[in-house]
Amino acid sequence: MAIERTLSIIKPDAVAKNVIGQIYSRFEGAGLKIVAARMTQLSRAEAEGFYAVHSARPFFKDLVDFMISGPVIIQVLEGENAIIKHRDLMGATDPKKADKGTIRADFADSIDANAVHGSDAEETAKVEIAYYFPALNVYSR
């Protein structure tokens with residue numbers, strides 16, 4: 001079992017629903033530790049930079065507009081197989097297709113307002129974590 005880190009974002013829709021604590025409980029209940037966290041209002045430039053990989057996709061503008069529509073909570077999760085564990089907790093991108101009991105099935109409204117973001121691979125996680133958290137702001141526990 002590998003100890004990994006992954007980036008997690010609680011998106012504006014879930015922050016507005018006041019389910020941050022419930023989502024954090026799921027992370028911790030699955031054995032994931034929160035080793036860095038902050039609440040922020042993303043600027044357009046931050047959101048465009050973070051999602052630059054999708055810049056040519058038709059949904060890019062709507063995604064950026066959504067991500068800057070309200071505050072988000074950005075955290076780094078650490079634990080055994082953290083990336084896949086976090087993705088399992090999140091559920092499918094489309095909440096209608098997400099398994100019952102996943103974060104998206106329970107808290108998301110649509111494929112766009114889908115409550116959470118999570119890194120999809122180890123290399124992606126490293127890049128995403130570095131984007132929001134300089135190394136000196138992440139603390140192993």
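Each residue, glycine too, has its Cβ placed from N, Cα and C.
Copied over from Swiss-Prot:
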BINDING   Lys11, Phe59, Arg87, Thr93, Arg104, Asn114  ATP binding site
ACT_SITE  His117  active site, pros-phosphohistidine intermediate
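In this structure the alpha carbons, written CA, of Arg87 (ATP binding site) and His117 (active site, pros-phosphohistidine intermediate) are 9 Å apart. Ranking the recorded positions Phe59, Arg87, Arg104, His117 by other CB atoms within 10 A of the CB puts Phe59 at the bottom. Of the listed binding-site residues Thr93, Asn114, the Cβ environment within 10 Å is emptiest of other Cβ atoms at Thr93. Following the DSSP three-state reduction, the secondary structure of His117 (active site, pros-phosphohistidine intermediate) is strand. Those residues noted as binding ATP (Lys11, Phe59, Arg87, Thr93, Arg104, Asn114) have their most widely separated CA atoms at a distance of 21 Å. Cα to Cα, Thr93 (ATP binding site) and His117 (active site, pros-phosphohistidine intermediate) are separated by 9 Å. Within the same chain, the residues at least 6 positions away from Lys11 (ATP binding site) whose Cβ sits under 8 Å from its Cβ are Phe66, Met67, Val72, Ala113, Asn114, Ala115, Val116, His117, listed in sequence order. The secondary structure of Arg87 (ATP binding site), as reduced to three states from DSSP, is helical.
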